[in-house]
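Below: the structure, in structure tokens.
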Amino acid sequence: VLAEKRSLGSRDGPPHLVVLVPLHSRAVGHDTLRLLQSQDSAVVRMDEGRAGGFALLCPRLKQRWRFVTAQAGDLHAVLDLAKVADSLLFILDAADGWDSAGEHCLSCLFAQGLPTYALAVPGGTDLPPKKRIDVRKKLSKAIEKRFPEAKLFPLNTEQESSLLLRHLATQKQRHLAFRDRRAHLLAYAAEFVPGQESDLVGTLKVSGFVRGQTLDVNSLVHIVGHGDFQMSQVDAPPDPLSLNPRVVKGQKRNQDMEVQDDSANGTDEMEEDIKVLMKADPNKQESLQSEVVPDPMEGEQTWPTEEELQEAEASLKANSRVVKVPKGTSKYQAAWIVDDGEDGSEKEDDDDEDDDIDDDMMEEAVSQEGESGEEEEEPAEEECETMTVSECLLDDQYDEKVEEDEQMLERYKQERMDEMFPDEVDTPRDIPARVRFQKYRGLKSFRTSPWDPKENLPRDYARIFQFQDFSRTRKHLFRQIEKEETEGASVGWYVTLHVCNVPVSVMESFKEGKPLVLFSLLPHEQKMSVLNFLVRRHPSNSEPVKAKEELIFHCGFRRFRASPLFSQHTSADKHKLERFLRPDAALVVTVYAPITFPPASVLLFKQRSNGMHDLIATGSLLSVDPDRIVVKRLVLSGHPFKIFTKTAVVRYMFFSREDVMWFKPVELRTKWGRRGHIKEPLGTHGHMKCHFDGQLKSQDTVLLNLYKRVFPKWTYDPHVPEPVPWVRSESTLPVEEVDME
């Protein structure tokens with residue numbers, strides 16, 4: 001612990017990266033930055049990439065910091081910087097603490113994983129001393145829920161800023177598991193070199209300090225928000241934030257200068273002193289292949305060999321017979337000619353019997369079609385009714401917002417119906433139930449009945465990768481990271497990475513002031529598979545979220561869009577599908593996505609029509625397992641018509657005799673706990689006699705459960721649009737209290 005604390009921000013380690021996060025519209029970070037820059041015997045160097053960022057070098061304390069400001073409204077920037085920050089410095093308002101945008105920002109940061117933090121409160125000096133004490137007590141009480149036992153640091157003088165810096169340097173560091181096992185860096189400078197074929201794609205030279213683990217040039221890097229890329233080489237330019245800068249011969253230095261600027265002679269020195277640390281080896285370099293290219297002919301019959309053809313001809317000659325046929329008869333016609341030696345009398349008798357059976361079956365089918373036709377015609381007349389259509393529905397200038405409200409109301413109704421009658425559906429009248437539900441099956445016991453995980457897999461499963469033993473592979477990789485020393489750029493080195501085939505949009509976003517964050521990938525983390533996340537509904541959102549809706553995922557260091565499945569979290573081998581994201585229970589979310597080794601946090605967002613992102617659920621990565629069986633349950637309901645001691649006549653579950661016979665093997669149950677089975681159909685209108693383990697009540701409902709395995713949709717998209725800044729409102733109340741009011 002001491003060695004880690006001493007290396008952070010020292011001469012041998014990377015600079016102490018502090019990210020300033022204003023949590024209120026009135027808490028502007030300019031005054032805070034100015035106070036932090038005014039340290040005695042400190043050297044300030046302004047950042048080239050980001051406005052408002054600077055480095056602070058203190059040779060007397062043998063410490064160096066890098067300060068970067070993130071706006072609370074820019075959600076992606078805050079989350080990306082928090083992924084690599086050593087410390088977060090929250091800037092609070094002296095009166096209100098944080099507003100609604102700050103509350104949303106804190107919810108996302110806590111769900112992603114909060115590094116070491118400190119709370120600073122600038123301002124408040126214009127208040128009278130007694131009022132100042134009351135405001136401070138009120139603020140301390142307001143932050144107790146989010147930050148228990150946290151200390152508030154006033155930030156109005158240089159002495160108070162020195163105390164804050166000392167606290168940041170000496171406090172114990174909190175670890176985030178997903179970044180401690182991977183090399184990562186925040187870009188200090190970047191340069192784009194266009195490629196020979198196109199100006200839109202080229203090599204991106206990213207300079208920064210290596211953190212976390214040793215960086216290997218043969219591994220892949222993930223640029224957060226942009227995708228996975230390969231590296232061609234790693235350079236070692238001079239450290240721009242060195243505590244003891246080298247003196248170049250023939251160059252006069254001004255010893256009284258406290259504020260230095262890198263733009264004067266930095267580029268010339270870097271070009272002279274750049275050393276190539278390592279170049280990528282094509283034989284050892286990780287591939288960018290993320291999917292398996294399926295072979296459509298795999299599993300088909302191969303072309304027979306010469307020996308197999310000869311064996312087939314020999315067997316054909318052995319089984320052939322000589323038959324007298326008229327001249328000009330083909331081989332196909334000759335095969336149908338009966339030899340004189342064969343006895344044809346028995347064959348004719350059998351044919352007559354088959355013809356009689358066929359005639360009887362045809363007459364029965366025609367009579368059943370007539371009966372079913374009469375059945376279907378009667379309810380058709382009953383279901384027809386006249387409706388008066390309002391003219392406002394036909395108005396072309398109908399308000400779009402009202403249409404959205406109608407859609408939301410329909411979702412609320414569906415969610416309410418699913419809570420009241422889980423998985424129940426109406427049996428269709430226009431098509432037979434045995435056709436409509438032909439992909440479903442009955443199970444004797446949902447918990448113990450077997451289900452083969454390799455049965456009837458979709459075509460998308462041919463594109464993904466699967467581990468023979470995922471947990472064993474994960475343990476082996478993590479053990480290698482802890483024990484073996486990999487060759488590459490060590491932690492604390494200032495390096496320049498040459499990232500190949502990068503689109504120019506990455507450089508454009510860096511020029512706009514957005515952070516450029518890189519993570520090295522562990523083996524196999526670029527490959528697609530089926531990921532399962534364990535999430536819980538966030539209390540700030542109560543809108544219904546249906547399964548297979550497009551959501552935005554923040555998983556560890558990745559961002560992507562996908563349409564997930566929701567299922568129950570149980571210890572069984574089968575897991576029931578949930579049609580909506582439940583607010584009262586933890587659910588498992590299943591998607592196609594690149595492999596990520598847990599532990600890793602996950603945040604689920606839903607994009608509004610205006611572009612804002614709402615946080616709907618938070619959790620963690622559960623497993624990477626394509627064999628996890630998610631089963632959709634479907635419940636058909638019927639009502640007892642006549643009740644006897646242990647038997648009953650049930651109607652309205654089916655509407656044809658054939659459907660009753662088709663589903664006869666499936667076990668029945670009732671809402672009041674009775675179990676039974678179908679004995680026989682009665683008539684042709686779908687009535688059936690059922691036997692139960694006890695007498696039914698007249699108000700009971702008979703249910704029949706059917707099951708089908710479901711798979712997620714392949715809608716993975718690594719490009720996530722930037723969210724619209726959160727609308728601020730003055731509030732420091734907790735989320736639950738705001739919702740109740």
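From the backbone N, Cα and C atoms, a Cβ is placed for every residue, glycine too.
What TrEMBL says about a protein is an automatic prediction, not a curated fact.
Features reported for this protein in TrEMBL:
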- 339-363: compositional bias 'Acidic residues' (COMPBIAS)
- 371-385: compositional bias 'Acidic residues' (COMPBIAS)
- 14-174: domain 'Bms1-type G' (DOMAIN)
- 246-268: region 'Disordered' (REGION)
- 280-314: region 'Disordered' (REGION)
- 334-386: region 'Disordered' (REGION)
Practice task
Would you mind listing the long-range same-chain contacts of the region 'Disordered' (280-314), meaning Cβ under 8 Å and 6+ residues beyond its ends?
Solution key: 217-220, 228-233, 459, 462-465, 521, 523, 526-528, 594
Practice task
Could you put numbers on the helix, strand and coil content of the region 'Disordered' (280-314), residue by residue per DSSP?
Solution key: 9 helix, 0 strand, 26 coil
Problem - Whole-number mean of pLDDT values that fall within the domain 'Bms1-type G' (14-174) - result: 81
